[in-house]
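Single-structure report; data block below.
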């Protein structure tokens, strides 16, 4: 079959189950052929080998079962970086790029006031947040990241090596593995869903998506750990559920009555980020 015929076959098969059938088909064939998507457009009449055709159809069938394209191709673009992902990590979401932007803007505005600081990413997963920050900020700051899953840390280390950034990774629960290490800024995209409602997430690690106490258990635990350290000051940048802003504000006030919490919206106009300043 030709490239054109295979793409159309993929679209036909995926149309009933995927809202992005055309894109999925193109991306999967591009991955199988080890060619950019632009190549497919120019060479639509080229024939594909039987081996490649079989592999492509295998991927299409897996996609029909609900497998995310990112897991099939082992890659996901985030903040203009091509990252390795597999079933051990959550697939980076576009809205999380907004969290990266908030941190970058915060540091940019205060560039004349602060020197080299320690930045920690908790629940790093694929490392998408901390690696994006390290790529953008370079050696201006020190970078650290943790995750409770050793397999996730292995993925994050792989991505950091590919992107040539220096980050210290450890596995462990929230702040526990760091002891009394001081951090000036913490960024976290912890599990905040009360339950899974989107069937497309069934192949992703549940522990990276869902948390007890209406999705707030891990944030409450993190706040408690920070409180016990009694830091002089802290800046927390968190991704939260679109309906969790009031609860996060209340939780922050419970531990730090004089703290300030600002809520920011994502590109879809939903309350998605909380920036908490501990005074």
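Glycine is treated like the rest: Cβ placed from N, Cα and C.
Under the heading domain 'Release factor glutamine methyltransferase N-terminal', TrEMBL lists 5-73.
For the domain 'Methyltransferase' (117-200), the predicted model reports an average pLDDT of 93. The domain 'Methyltransferase' annotation in TrEMBL covers 117-200.
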Count up the helix, strand and coil residues in the domain 'Methyltransferase' (117-200) according to DSSP, in that order.
32 helix, 20 strand, 32 coil
